[in-house]
Structure formats: C-alpha cells, structure tokens
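*Asks:* Below are the structure tokens for one structure; questions will follow.
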Amino acid sequence: MIAPSLSAHYASTLALCRARHHQPALHHGDGWRTSVSVRPTCFSSYASAMSQASCIATSRLDAFKTWLTEQGVLSSNIPVIPQQVENQGLGIVAKGRSVAQNEDVLSVPQELWMSVAVARLHPTIGPFCQNLRPWVALALLLLYEKAMPSSFWRPYIDILPDTLDSPLFWSNEELMQLEGTQLLGSISGYLQHVDSEYTTLFQEVIEPNPGIFNTSLFSRDLFLWAFGILRSRTFPPLTGDELALVPFADLVNHGMVLNMDGPSWEKKSSGFFDRREYLTLRAPISVKEGEQIVMQYGKVKSNGKLAVDYGFVECGPKTTAIRDSFTLTLEIAESDRFFDDKIDIAELNGLSAIVYFDLVYEQGLPDNMLPFLRLIALSGTDAFLLEALFRNSVWDHLQLPVSRVNEEAVCKAIVDGCHVALTSYPSTIDEDLNLLQDIELSPRLKIAAAIRLGEKRVLQELQLLFETRLQELHKLEYYAERRLRNLGLMDDKGDLTPWVFEG
C-alpha cells in the first residue's frame, strides 16, 4: 500500500510553490552565470509562542497550570506564570515581584520533556523510533500522545496551537502574496522534505501497524503540524538527538528589543548519586512585575527564517536586528571552457562550483563575493591568470580588479540580475511600505509584505552599488597597471616612467 494522497490543501500548496518558484539566472561570456536561490536550513529551531495567534481557552490554561503545580514546576516560589499575552498567545510573565537580569526564572525537570529519548524508550512506539531521524521520532511521539486522551502530557498538548502562521500553513491565495520571493522557493523545499519523510514513515511504520497507528490520527497534514510545532518550540541546547519539547519553558516569546544572541535556555543537573537534569530559563534582561520574560530567537536570522520557523517578522521601529536579506547563488557553469581550472582555484580557497552569498541590507558585500565573481568571469586575455604559474597567487590578484573588461562583465551581470529579480515581484517598494502602515492588515499579509520589501531593498541596494561601480570603472586600477607600478614602470599619476621610452 502506498502512503495516502496529500490532502487537497497540502497538495495544491506544494504544487503552487513548485509552479511559482523560479531562479532568475544570468549568463555572460564564457558560460558563467549568477542565479538566485534559497539555501536549505533545517532543524535549527527556537521556541516560539508568537505563532499562537488564537487565544487559549481559560479552562485549558488553568488545567495546564494545575498540571505544572502538581509536577512541582509552578509554585509560589517561582517568579513567573504562564499567561495570555495580547496579540501573542501565551507567554511567560513576572508575578509577585520584578525579575533581575540573568536570573533563572523557572526549571523544568527532564521527566516532563517530550524528547527523542522518551520516544525511543516509549513502551509502545519506541521500537519504531530507533532508526528514525530525531525530529521524526519526536513528531511521531507528539502525534501518538495527542491521540491519547489520557496522555501524561494532555494538559500541555491541549495548549498547543491548532493553527500556525508560518507560510508552511498558508492558503494558496496567501502564498500568491509571496510570488517572486525566495521564501516561496524555501517553502517548497520544506514541504517536499516533510512530504518525503512522511511517505517513508507511513510505508515503514504507520501502514504496517494499524493496531497502533490510526491513519486518520497520523495523517500527512498532522505530521506537517507536528513539524511546525517542533520548528517553533525547540531551543538550543536541546537539538539533534537531544531535541525536546519543554512544557512551560517553550512559552517564552521573542523580544525585538534584545540586542544579544546568547542562549536563554540552559541544561543543568542536580544531585550526586541520583542526578536529575533540568532545563532552566534565564531572563536576559530585568523585567517588572506583570511584564513578559522574552528571549532573542536569533539576532542574525532573516525575516524569511523568522516567518518559516515562527510565523512572524520584524519590521517595526523597535527592532534591534537587521532582518532584510537575500541569498545570491553564484555558479561556475560546466560549459565554461576553463571550468576545471576555475574549480581548482575555488577549491584551493575553500569554495566550490556553487557558492551561496547571504546579502544583508546595509551590511556591504560578503567576503569572497567579488573575487569569486571575477574568477567566474575570467576569459579572453585575462585567462592567463588561470595558468598553473599563478595557482597560488591568483586569489590574491582577484581581490582587486583584474581588467576593465572583467570588472564590467561582473557589474553588468549583477545589475541585469537584480533588474530581472526586481521585476518578478507583484508589488513595488512603495506599495509594500504603504501596506505595512495599514493597522488592519492581517498578520499573514503583513509577513508577505515585509518579506517582499526586505528582499527588494537588498536587491535595489546591490543594483545601485554595481551601477555606481560601472560609472567609475575608469577610476579603478587594474592588474596591468598594478604590475607596472610594482616593477617601477609607472609613477603615482599612472604615467609610464620616462626611462621606459629610452633606448
């Protein structure tokens, strides 16, 4: 039996992402090209309550508090409580007193964690989890316990959001707002990955064991939901084989005002003969009674990453991080007549035929981007630098302009590529700015507008940079001039020294 077909929503969403995603590619000269793509980034997630758009019923929250109290996690000695926070779902709020910076505000013993270790030791599903990827094993545990009315984790599972605002869960109409963006391609990659993992899980575990796994409770859509929960609610240091959902601690919301990137979760242990492990939450800043304990989900995460993982973006004046980014893919084409030489040079310098450069707004060009562009554009009379004689020094030469022809080719390719990419968006920068001023704009449309705006800002900045460089090519010093100067054959004004003409 094959895995059940995708639900109508899941299938159409995946099809739309595949159809809409494209990678503008630029070709120049001897077969080199630049293209745009999104580098996959999997399983490096942080906890989030921001994705809990809907309010949790008071009865469920009360049941969760009671459960935490019974387990010794919540008491009058703990300076925080789980509480509904306006526009953010559940959060962790200081109660009874203020909280000092770097104070440990709660500890959750390992017995309460939903972890990979628990999944693999589970009396019912444990044997099926031994060879699964850590996140797949934990997702299976989550779905199994979700299907059990008497689950030990029932009070915790009941406060998990049924819907998530990550674009992974958007409708086709909503996804069309991401047309032209790299994020749309990233979503396609995630959905295909989850789909592939589910198909394998269904064929090898779920379908052969109907007495344990009711297919309606372990559907493809529910598996995707579990994936979204894990991406949005797990922190370092609990990653990889130690991946775990930690009730209460995973309610901590993101703090835009935080200008640090250190971990707020820390694994500790107590006891000597009977050691117990705990997960503690540390307050990164001091807060007053009634205020939220927050953490930084990742200072260098782009808005696209925040959107996929947590279902929100940063685009307000309070943000302390630069979230606008764009990933540029540069590739040495196999059709390049100098392909082997260029690959050799690239590999000698820690690169490969395809290199991904993450461009961040107002942060300048990444290291090695210009040298790599010059390398893949080398052709004609400049190709002498590819000879074995220069193998150990060519990368140093590529740090500076090689020739006007080479530099012009680089600039034109980037300018043309930016133009192609910018025209693929359905809106202008001004239109997106106006949309973001609309206080009635839905959270998902706000995410889409912020993603489009951020990518276009980076592309526009990159285009302007290389357009300006094109206009200043005559001011640059190239390899030939530098060589003459080093030999003493050219003066500081760029003129050949008089004795060159003697004899």
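Cβ coordinates come from backbone N, Cα and C, glycine included.
Source: prediction; values computed, not measured.
What TrEMBL records for ARG233, ASP250, TRP265, TYR297, TYR310 is substrate binding site. Taken from TrEMBL, the feature S-adenosyl-L-methionine binding site covers ARG233, ASN253, HIS254. Taken from TrEMBL, the feature domain 'Rubisco LSMT substrate-binding' applies to 334-459.
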*Asks:* Among the binding-site residues listed here (TRP265, TYR297), identify the one with the smallest other-Cβ count within 10 Å.
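*Replies:* Relative to the other binding-site residues in TRP265, TYR297, TRP265 has the fewest Cβ atoms within 10 Å.
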*Asks:* Out of ARG233, HIS254, which of the binding-site residues is least crowded by other Cβ atoms within 10 Å?
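*Replies:* Counting other Cβ atoms within 10 Å of each of the binding-site residues ARG233, HIS254 gives the minimum at HIS254.
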*Asks:* Take the domain 'Rubisco LSMT substrate-binding' (334-459) and count its residues per DSSP category (helix H/G/I, strand E/B, coil), listing them in that order.
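*Replies:* Across the domain 'Rubisco LSMT substrate-binding' (334-459), DSSP assigns the residues as follows: 77 helix, 7 strand, 42 coil.
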*Asks:* Looking only at ARG233, ASP250, TRP265, TYR297, TYR310, the residues listed as binding substrate, what is the longest Cα to Cα distance in Å?
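*Replies:* Max Cα-Cα spread across the substrate binders: 17 Å.
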*Asks:* Should ASP250 (substrate binding site) be counted as helix, strand, or coil on the basis of DSSP?
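*Replies:* Reduced to three states, the DSSP call for ASP250 (substrate binding site) is helix.
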*Asks:* CB neighbours of ASP250 (substrate binding site) within 10 A?
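*Replies:* There are 27 of them.
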*Asks:* Near the Cβ of TYR310 (substrate binding site), how many other Cβ atoms are there if near means within 10 Å?
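*Replies:* Total other Cβ atoms inside 10 Å, all chains included: 27.
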